[in-house]
């Protein structure tokens, strides 16, 4: 039931003092009321509100899980060189070929583009079907993410499950999903253009657009994961008894940023096939620093276009990341932290060393698909535990005694 506030309480006082005429201002004696709407989230039913927020949290984590799988599928698609098999793009999805005639028509379209002309002249229809299926599954999974996000988001919004902050975040997520789809096609389009003139050129997508595509996916995944954790396992208030805990928090956040940067650099490694340049570790060939690390002019061009420099940078970032995470793990043994943060840092340290092992194995075995795909998925798993750790430390504060 609405509550009401009277807006003319001063009229009787003015009448008693003779400051206004009763006959003239008689209508003012009738009370006017201003309705106040009850809050959207009714505090009389906290259990129902809690249940709705948990449902939102599960939905966020579900979206994050689908993005994780999309990244894994994208990695396999890139490693099997399937990304340029579909040469058209439609917002609602491409029709899957079913008859022999439709497959031949799709294959004929593929034959008109640089990858077939310069690299796959001897490809058969059956081989084309394999790479087409990989790209088709990746694209349709991306559209499934859009549907899984949009339909529940509309329902939750209409039901009033989102507060103002969550609404803004959901709008940002929706924009990122849309941009991710457009960036995916923009990336593929770079591999279909007639820009491969030299006989030694390898038709492939732009490494810059590939990095942007992967970066969008990582940001989107981080948003989904952090919001899901916020709804399902809110961080605990924790008062540290020493400044070391605050320094630990800063190191943990720095480690999360370094993990993201290392994964982002891996996109340039994949885009340039830089993992096939030097297949030895710890040295690159016979040298610690290869001679051709700054072969391109201007020098800045080497960091995104020279395979040697790109691999060298990824190595340094990977070693720095595992070193920092190990330091953070050792630091955590000496201070008191929120209980769940110990689980997060232990998992992060374990996955960090596993990730380094996968990276070295991928390199020295000349980038087999299985190891390389596991290495890429491992980077997102490592980021998962880093985000969890940062989440648990969110309300850690030092209050001097």
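Each residue, glycine too, has its Cβ placed from N, Cα and C.
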Stretch carrying transmembrane segment according to TrEMBL (options 169-188, 229-248, 289-308): 169-188
Transmembrane segment according to TrEMBL, located in which of 97-122, 253-278: 253-278
For the transmembrane segment (208-226): best-contacting stretch of 59-79, 169-188, 343-364, by Cβ pairs under 8 Å: 169-188
Same-chain residues at least 6 beyond the ends of the transmembrane segment (59-79) whose Cβ lies under 8 Å from its Cβ atoms: 134-135, 137-138, 141-142, 144-145, 148-149, 152, 156, 173, 210, 213-214, 217-218, 220-221, 224-225, 227-229, 231-232, 270, 367, 369, 372-373, 376-377, 380, 384
Residues from the same chain, set at least six apart from the ends of the transmembrane segment (312-331), whose C-beta lies under 8 A from its own: 244, 247-248, 251-252, 254-255, 258-259, 261-262, 265-266, 268-269, 274, 281, 284, 289-290, 293, 303, 345-346, 348-349, 352-353, 355-356, 359
